[in-house]
Amino acid sequence: SMQNETIVTEFMLLGLSSNPALRFCLFGLFSAMYSATLLGNALVFVLICLDYSLHSPMYFFICHLSIVDICYASNNVPHMLRNLLDKAESSPLLDVGHRYIYLIFALTECGLLVMMSYDRYVAICHPLRYTLIMNWKVCLTLAAVSWAFGFIFGTLQASLVLHLPFCGHCKIDHFFCEILAVLKLACTDTTANKVLIFAVCVCFLLFPLALILISYLHILATILHIRSAARWHKTFSTCGSHLTMVSLFYGNVIFMYMGPGSSNLSGMEKVLSLFCSLISPSLNPLIYSLRNKQVKEALLKFRRRIILCRSGSR
């Protein structure tokens, strides 16, 4: 039957909606959110790089997280915005491979969130040994491992999809070339791809989530013995922000890829993908960084430096 089908070399993205008025409103809303994502994460990155008081392991990982969020959003959102204006967008098969770069950033973020939980565990449970355990060599190694595993498994997923034969209709009911949506168009058995997706989900979602929960169980046992109200507030502020990020990211991705009937999602799949691609990266700077006292102080110093530079130039 495959010989009687037309081999697909180009896909067409159907986007979020066919209503012109709704598409225009969504374009304005998502453009503003994408701008906020870029500005917020770029501001966090600049502040951490310029302010010496933020040169600590925790902010080192936040800096990497900001880079990941910028890259992750920039991989999909511009195509989505163009799709909202053009109504339908064609994607050559090779371009589909380029868009799977988002998998690299998503898997890297999984690793970074685990490293951040380990950093909090060491800081709270072993404060006297913190600088010894979380030295810069260890931090660089942990960040490099996150990026390396993300690159390896993301590239593997993309290469397997690119080697699939596609035939029949070429319409993807999505706003970008999401891997589950593309697999539905393959005119061959995709069991190997789905098994690999499940294996990656176990390695990068369930196993890291278990490590994060174990870290916070140890943290909870430690903070129960803390009698200082100031330390309680500081601990809950930092850990609460990280747990919020973990819940938002892992909750959506696990439901999308490992939930019941995850391979048959349509509208819900778009909503979850939109949350991961745009909403979560735009919220991360507010949740974890810009409301932090040290980051606020660094922001004020950065603002004063800009004002002084402007007054000096005049």
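Quick reminder: no glycine exception, Cβ is built from N, Cα and C everywhere.
As annotated by TrEMBL, domain 'G-protein coupled receptors family 1 profile' applies to 40-288. The transmembrane segment annotation in TrEMBL covers 21-50, 100-118, 138-156, 195-224, 236-259, 271-290.
Long-range contacts of the transmembrane segment (195-224) within the same chain: residues 107, 110-111, 113-114, 117-118, 120-121, 124-125, 149, 153, 156-157, 160, 179-180, 232, 235-236, 239, 243, 246, 250, 253-254, 257-258, each at least 6 residues beyond the stretch ends and with a Cβ under 8 Å from a Cβ of the stretch.
Listed by sequence, the residues of this chain that lie at least six past the ends of the transmembrane segment (271-290) yet keep a Cβ under 8 A from its Cβ atoms are 16, 30, 33-34, 36-37, 40-41, 43-44, 62, 65-66, 69-70, 72-73, 76-77, 80, 102, 106, 174-176, 178, 241-242, 244-245, 248-249, 252-253, 255-256, 265, 296, 299. Outside the transmembrane segment (21-50) by six or more residues, the chain places 15, 59-60, 62-63, 66-67, 69-70, 73-74, 77-78, 80-81, 84-85, 87, 278-279, 281-282, 284-286, 289-290, 295, 298-299, 302 with a CB less than 8 A from a CB of the stretch. Mean pLDDT across the domain 'G-protein coupled receptors family 1 profile' (40-288) comes to 81 in this model.
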